[in-house]
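Q: As listed in Swiss-Prot for this protein:
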- 1-19: signal peptide (SIGNAL)
- 25-351: domain 'Transferrin-like 1' (DOMAIN)
- 28-66: disulfide bond (DISULFID)
- 42: dimethylated arginine (MOD_RES)
- 81, 113, 211, 272: Fe(3+) 1 binding site (BINDING)
- 136-217: disulfide bond (DISULFID)
- 138, 142, 144, 145: hydrogencarbonate 1 binding site (BINDING)
- 176-192: disulfide bond (DISULFID)
- 179-200: disulfide bond (DISULFID)
- 250-264: disulfide bond (DISULFID)
- 362-622: disulfide bond (DISULFID)
- 364-689: domain 'Transferrin-like 2' (DOMAIN)
- 424-699: disulfide bond (DISULFID)
- 473-549: disulfide bond (DISULFID)
- 475, 479, 481, 482: hydrogencarbonate 2 binding site (BINDING)
- 497-690: disulfide bond (DISULFID)
- 507-521: disulfide bond (DISULFID)
- 518-532: disulfide bond (DISULFID)
- 641-646: disulfide bond (DISULFID)
């Protein structure tokens with residue numbers, strides 16, 4: 001055989017000679033069996049994808065070595081469990097999950113399960129009362145049965161930094177923890193039902209091993225609590241009547257029905273995920289490769305090569321139990337993918353010293369957007385005596401993400417962002433009240449405010465029905481009065497999301513910079529580069545900014561009913577506003593008529609929910625306590641706060657809170673949907689297909 005022919009055949013076998021390096025995914029393997037499956041994967045991909053993407057194989061000795069290899073650009077991808085996804089995301093690795101394995105069907109893919117604590121209904125202890133109880137676990141080192149509950153209980157365990165097993169043995173009166181060190185910690189195996197060498201075995205030889213085994217330990221009365229996953233009760237008790245005998249222990253030390261696992265769980269445990277470099281990580285090529293691969297080699301496909309089978313081992317390259325792949329949204333870093341509870345659990349288990357007792361103290365880290373809010377927040381922090389600290393982000397979605405991750409604790413949001421925050425797992429804590437005063441204010445949340453479309457009185461021909469090709473001014477994309485309500489109404493008329501083509505030009509901070517909806521924006525007076533950003537660096541941002549846009553450039557402004565009044569007749573002394581009269585402006589009615597701005601009650605687009613403070617569920621009680629004290633010290637009820645600090649006043653407009661806030665009122669039911677109301681949630685759900693929110697896409701990735 002001639003050398004040239006021999007070389008071409010070798011290239012065909014290797015699948016590398018003509019492969020474009022940018023279209024080649026270097027898959028990292030950790031064993032000979034994985035390397036062999038990877039080689040088969042490579043050859044079969046070459047057979048079906050002549051133009052790529054291609055696969056090459058890199059062999060290392062451990063997943064941690066693979067993480068380092070990818071970080072150093074010596075490999076491109078590897079599949080990891082949640083704990084290793086966490087390690088991969090930490091500095092200096094800086095990797096991110098790009099593709100998730102899912103279980104179930106394409107129509108209802110599941111990328112996580114809930115770790116729960118199950119108890120019998122006829123008992124009355126809570127999660128913070130488990131000391132001295134008898135516990136049932138799936139197995140040592142397993143997520144739902146060991147890692148999550150031990151992390152949740154970490155601060156209560158005696159000397160956990162010495163040995164988690166010893167700490168657990170001293171915390172519970174007796175346990176069944178299959179796979180535990182029975183000779184060193186006999187109490188961890190005391191409840192197990194296996195005989196002889198099978199007692200506490202790391203397999204089904206121990207009757208109380210695994211999810212069903214741990215639940216059996218509880219059912220048979222051996223234990224008081226079982227740490228399992230949310231589906232375990234349903235799998236073992238198909239009769240709903242039998243399930244009524246059991247309850248879940250919630251993180252807030254309450255109990256709920258086993259049906260309410262989405263509201264009462266210890267942590268959400270994510271599926272295995274493929275990780276890649278955050279920068280230059282080939283995430284689109286990796287997805288293209290795996291998407292093609294699952295179409296040809298996935299579950300129930302006729303090809304001899306199967307992605308989710310491991311003939312010479314178990315879970316080689318991918319989990320054998322996986323049913324397919326889903327692309328992870330680009331905004332989703334490792335912390336958002338894993339979730340706050342799971343990340344906190346992993347952090348606790350990795351503590352090398354006792355938990356800092358100061359973490360138990362109630363203080364609030366407020367998230368400020370941009371320089372002006374940070375300046376006010378720092379001043380607030382100084383007057384608060386340490387109760388308030390400050391964190392900064394460039395925009396609202398970054399702040400929401402920081403609160404989700406525990407990098408910040410709270411902020412006040414309008415209804416549109418509150419919807420996004422709610423979808424991201426945050427809860428409303430206190431509502432801003434704008435009209436109620438006196439003693440009843442803090443106990444009576446208001447119904448909401450009016451969203452209006454404002455025009456100049458001199459533009460007499462403009463009405464709600466002829467806004468096409470007009471110049472529009474918005475508070476920001478995804479905000480209630482400035483975007484969600486008017487664009488939701490507009491969508492119902494034009495049946496598409498091309499709002500940038502409907503208006504001739506506009507300023508809607510948060511829009512793509514090349515959009516016509518950024519054309520009117522003017523940015524910061526301190527220099528260029530801040531045009532159309534959704535924070536106070538854009539002078540047309542927010543209620544006052546959108547109204548200023550109308551005064552200086554636009555035809556219509558979408559704001560709240562009080563905006564015109566607050567910026568006319570001497571109420572705003574800035575140069576652009578000081579000579580304005582409210583009579584110079586009117587509001588548009590949906591029936592095509594117009595009315596004075598003082599008659600907005602009879603001429604508005606819709607009623608929007610008042611702004612509200614949001615936080616994580618675990619921090620909500622602390623936030624409410626601190627803010628009630630802060631408004632007592634610096635709120636509107638204080639006779640003269642100007643010599644110190646005024647919580648509801650700003651040097652510019654609406655920094656941290658709306659300036660017209662009278663008080664922060666307690667909310668009876670702290671869920672985003674009950675606070676926003678059915679009509680508003682329905683409108684937001686309809687408008688979601690027009691949403692450009694990357695954070696909302698990330699937060700809704702894990703389906704309920």
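Note that Cβ sites are derived from N, Cα and C of the backbone, with glycine treated the same way.
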Q: In whole Å, note down how far the CA of residue 217 (disulfide bond) lies from the CA of residue 699 (disulfide bond).
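A: Cα of residue 699 (disulfide bond) to Cα of residue 217 (disulfide bond) measures 36 Å after rounding.
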Q: Compare the C-alpha of residue 549 (disulfide bond) with the C-alpha of each of the recorded positions 200, 217, 482, 497, and give the closest one.
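A: Closest by Cα distance to residue 549 (disulfide bond) among the recorded positions 200, 217, 482, 497: 482.
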Q: Please report the three-state DSSP label of residue 473 (disulfide bond).
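A: Note: residue 473 (disulfide bond) is in a strand by DSSP.
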Q: Take the mean position of the Cβ atoms of 475, 479, 481, 482, the recorded hydrogencarbonate 2 site. Which other residues of that chain put their Cβ within 8 Å of it?
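A: Those within range, site residues removed, are 414, 416, 451, 474, 476, 480, 483, 484, 542, 543, 546, 558, 559, 560.
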Q: Tell me which of the recorded positions 28, 81, 272, 518, 532 ends up closest to residue 179 (disulfide bond) in space, Cα to Cα.
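A: That would be 81, the closest of 28, 81, 272, 518, 532 to residue 179 (disulfide bond).
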Q: Should residue 272 (Fe(3+) 1 binding site) be counted as helix, strand, or coil on the basis of DSSP?
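A: Looking at the DSSP assignment, residue 272 (Fe(3+) 1 binding site) belongs to neither helix nor strand, so coil.
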Q: Round to a whole number and give the Cα-to-Cα distance in Å for the pair residue 192 (disulfide bond) and residue 481 (hydrogencarbonate 2 binding site).
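A: Residue 192 (disulfide bond) and residue 481 (hydrogencarbonate 2 binding site) have their Cα atoms 60 Å apart.
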Q: Roughly how many Å lie between the Cα atoms of residue 138 (hydrogencarbonate 1 binding site) and residue 211 (Fe(3+) 1 binding site), rounded to a whole value?
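A: Cα of residue 138 (hydrogencarbonate 1 binding site) to Cα of residue 211 (Fe(3+) 1 binding site) measures 5 Å after rounding.
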Q: So if I draw a 10 Å sphere around the Cβ of residue 473 (disulfide bond), how many other Cβ atoms end up inside it?
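A: Total other Cβ atoms inside 10 Å, all chains included: 28.
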Q: Looking at Cβ-Cβ distances, which residues of the chain lie under 8 angstroms from residue 518 (disulfide bond) while being 6 or more apart from it?
A: 506, 507, 508, 511, 512, 531, 532
Q: Considering the recorded positions 136, 176, 481, which residue's Cβ sits among the greatest number of other Cβ atoms within 10 Å?
A: 176
Q: Quick check: with 138, 142, 144, 145 left out, which same-chain residues have Cβ atoms within 8 Å of the centroid of the hydrogencarbonate 1 site Cβ atoms?
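A: Apart from 138, 142, 144, 145, the close residues are 115, 137, 139, 143, 146, 147, 148, 210, 211, 214, 227, 228, 229.
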